[in-house]
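Everything below concerns the one structure shown next.
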Amino acid sequence: MKNICILGATGSIGTQTLEVIREEKENLKLYAASANKSSEKIISIIEEFEPKYVSMTDKEAFLKVKEFCMKNNKNTEVLYGIEGMNTIASLDKVDIVLTSVVGMIGLEPTLKAIRNKKDIALANKETLVVAGEIIKKEAHENKVNILPVDSEHGAIFQCLLGNLKGDINKIHLTASGGPFRGKKREELENVTVEQALKHPNWNMGKKISIDSATLMNKGLEVIEAHFLFDVDYEDIEVVVHPESIIHSMVEYKDGSVIAQLASPDMKLPIQYALNYPIRKDRVIEKLNLFEIEKLTFYKPDLKTFKCLDLAYRAGKIGGMMPTILNSSNEYAVELFLNKKIGFLEIPKIIEECMKKFYTKEEQSVEKIIHMDKIIGEYIREKYN
């Protein structure tokens, strides 16, 4: 039995992780969970899964959940704030921590978990984007597995099994193209939030849905792949694959290309990461190749979807630049979701911040947190 801690248990990935745990009660146990404001959802989780600990980052939600547990004689301990997240991520009895919180808030508890020798099922790609070198170093020193919880990196991970790193020629990172695939820049001038949230293939949260529409999600995944698999940026190629059946491919020096195919369902990479290195019975719809009939591939349009190009540039510059890219994107997406800016202003704000805040300083956790803070203050003051 594996004891699971989910950071971000009420979001899209967290909810699908609970579905996997529900299917595998004999193998997986929800030991701890965190959420922000979703007190009603956490209460439902407490009633069904009976975790030993939950943590809420919102004070009002914390008090509501705590009151519920006291009134109903629940044995779940309720914690509060980032300190609560750090605590549940490093509990002795936790075997693996699934980090599915959105954004920079995942950095500190992920590091706490690694330093307490917990394997990480990583759905919070921002953590690796902003602190890739730090995370890699800490994971190596503490002999911790970083298991990717997304379809693309989970696919690459599997395509690399049994092969030598030195034999890799190229990683082909697939992208659906998002809801605006094939459109030109001028067609995106008046895109609405509602249109941008309608992803053709995947069921995701709001922030990642907007990132998928701008192709920033793929850009962040390029940086993530660089750190996860120690592959140069020149050897990571994004391939637009609208069907989302091939989740990524690895090309080897002898010309062989190994691909991982499956129905587009996040429960598969979640299940694989939680049970690694064992494969369990299928929790997703079986892939029927005869129904698919054809698979198509295109080059990404970097002029229309500038965020992908910006991500490559930030990754190659390195240092603090991926932090600047990520933070400016987070705040720009927040403005777009709140209808304060247009869709095409997202890459403009990111590029502006990459120029304004560029520094040759090396990474540290403190510098990353400070950079995120000053970028947030700058963007909110200028654009609100």
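Backbone N, Cα and C atoms are what each Cβ position is placed from, and that goes for glycine too.
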| query | Taking G178, G182, G205 as the options, which does Swiss-Prot list with T10, G11, S12, I13, K37, N124, E126 at the NADPH site? | reply | G205
| said: The Mn(2+) site in Swiss-Prot lists D150, E152. Which one of E67, E77, E221, E234 belongs there according to the record? | reply: E221
| query | Here are some binding-site residues: K37, K125, H199. Which one has the most Cβ atoms within 10 Å of its Cβ? | reply | K125
| note | Going by C-beta under 8 A and a gap of 6 or more residues, the same-chain neighbours of E126 (NADPH binding site) are V102, G103, M104, G106, L107, L220, N326, E330
| query | Going along the chain, which residues six or more apart from T10 (NADPH binding site) have their CB under 8 A from its CB? | reply | A35, N36, S38, K41, I42, I45
| query | Does DSSP give G205 (NADPH binding site) helix, strand or coil? | reply | coil
| Sparsest-packed among the binding-site residues, when each Cβ's other Cβ atoms within 10 Å are tallied, from D150, E152, E221 | D150
